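Features reported for this protein in TrEMBL:
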ACT_SITE  A:T182  active site, nucleophile
BINDING   A:T149, A:K171, A:T182, A:E262, A:N384, A:S389  substrate binding site
Number of protein chains: 2
Amino acid sequence: MSVTFAQGFSAAGVSAGISAVEGKKDLALVVNDGPLDVAAGVFTPNRFCAAPVQWSRKVVADGHLKAVILNSGGANACTGAAGYQQSVDTAEKVASLLGTEAQSIAVCSTGLIGELLPLDRVLAGAEAAFAALDDGEQAGADASHAIMTTDTKPKTVELEGTGYRIGGMVKGSGMIAPQLATMLCVITTDADVTPELAREALSAGTSVTFNRIDVDGCQSTNDTVLLLASGASGVKADPEEFKALVAKACASLARQIIGDGEGASHDIRITVTGAASEDAALACGRAVAASNLLKCAISGNDPNWGRIVSSLGTVPPDVAPYDAEQVTVDVNGVRICEHGGAGRDRSEVDMTPREVHIDIDLNAGDAEATVWTDDLTHEYVHINADYES
Amino acid sequence: MSVTFAQGFSAAGVSAGISAVEGKKDLALVVNDGPLDVAAGVFTPNRFCAAPVQWSRKVVADGHLKAVILNSGGANACTGAAGYQQSVDTAEKVASLLGTEAQSIAVCSTGLIGELLPLDRVLAGAEAAFAALDDGEQAGADASHAIMTTDTKPKTVELEGTGYRIGGMVKGSGMIAPQLATMLCVITTDADVTPELAREALSAGTSVTFNRIDVDGCQSTNDTVLLLASGASGVKADPEEFKALVAKACASLARQIIGDGEGASHDIRITVTGAASEDAALACGRAVAASNLLKCAISGNDPNWGRIVSSLGTVPPDVAPYDAEQVTVDVNGVRICEHGGAGRDRSEVDMTPREVHIDIDLNAGDAEATVWTDDLTHEYVHINADYES
């Protein structure tokens, strides 16, 4: 279903020969058939952002998009003026097929950094995708497959609002850091919303979801999240409900990224409570989520709380005031660290579930935040030592 | 030789039964036999710093120490008041053996966080070490072995100044982050120096060495670097020469830590030039050194410059102003990234040497900085998934 779950959208996913994997679907097209063409986007803050990010950030700025074309098999990042021209050419091709202007077409790319795309294949693929456009379930599924790289499964979401729908797809498995942990994501809705509401909902939704997951602390050059609204349901969405649903869609997709993190054998939820502020809680959660040593311990089924508190200890006091001797840590419900020291025995913790819950109470206030990460495994190293090298 | 290379020092390394490894030397004693007892120390900024760090930071504050006792096999970190009392008891034991006060004895511990030490064994070990004290080569070597944990080899240094000597030992292999990447280090000298010069030389020396290496981005609770001066040479050191030599000793020991980084198959030197300031160069170097993706690529002998520039791209412009399109990257002398895009082909880079040189020119100024890191291997994960779990 994915992006075609919402009315007013057609999609396609085709094999264009861009990916090094023979026959893999590697080009997706998502078209907003209207009546509205409202859109919003958030993008990587990376200073080496890719050509398609530079292009898409510009064209979505006015709050409108007619379509998005996405490819795997090449990031078109660090490719200079020639790379930028490839994004422009791609947008122009899609625009001519749809009878609109290039300014209405967003472009997303993912794959190896530093190489130009095989543009002829992208343009031929755009024609094939255009010919395959359909608003059915299979078309949405095809699109969600076409954006996968090291992902082992497609990641999609479908939600029902009051009289309208939200659908979405995301790709992402490695190079996932909290700002902005996504790679590529397209969320569609048939609700009738203004560009302002779309922007507000997407910004708020990503800040507590995609910005709070961390597979490997590595920020991508290509991260893009787009929200497209067709208005095809004819229903004006209640702003609060709509924002809540967009956040829920983002949360579902972010959780699926963690569930498919490169080589991961455990999904780790880190919740920090008792913080002086949400920012303090978030800083502590992110510090713990970034610890390679902890992530290795978890992969070895070791609830090593020493590696949790030593990570907490790196957060400056002005960012997160707390007293080390008041901190408690529970892993999977067992309080193995109390008053900043040893609590119940680590052997009491059941580490067999894939999901591991780390609950940290700073006992320094009422604010809290949750971040997600993955464990660090042999398989992660294997994937990233050998990826298209 | 290690710490006994300088005159006026005796040392010992004994097996006290603290380590889980049967028969491993796990307790070291370094005594300053004078005539001076000048000392300086730098310590981890971690807020969960260990009991021995709390003790040693206090007693070295006056610029004088008579001896240092160090143990592997347990960090005595996050052990509360009971742990602190263990450090006090240990210092008092050594003081009584040497006929001095506990305030003259520094204590260092390394090993698993969160467990108390077997104090009876530590105290009995102190007696054995005291009995074994010697100023010869073997005694220094024994001490350098006794502080090893996941280290695969002892790390020592010996340098000659104008009429005086500097010796040193360090342990450290994992949980090595730039602030302060050391674990435990003792540097000795027979130069006649003031506490002020000792402090200044140690602070300056560590800032450009131990603070610029990064094995895994994980900061320890126990990091301690101590400098002890006996004055036994009778030579008043020239301040500039002395500072330069202490920095050289720190650099040698820091380089040895990188050479023995957990599971490492490549030692990676990252030099950032053309920066607007040294801080800017350092921030860029550290960002690259912290990239798990790059470190995996290097372990796979892949000079993946996309992962270098995507890490550079995370450094905020106010910290390091540069134009992405002016950045060049050389790996082992081959310019594989030019104008922020692809340069010469990656296949031209010879990745067979253990040492990998990454030279980044920001073309934004005249400042530079060098940081060292290791690659990220299967073996690192293996060591840290299974470490005393």
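Cβ atoms are placed via backbone N, Cα and C, with glycine included.
In the three-state DSSP reading, A:N384 (substrate binding site) counts as helix. The subset of binding-site residues A:T149, A:K171, A:E262 lying near chain B, with Cβ atoms under 8 Å apart, is empty. Taken residue by residue with DSSP, A:K171 (substrate binding site) is part of a strand.
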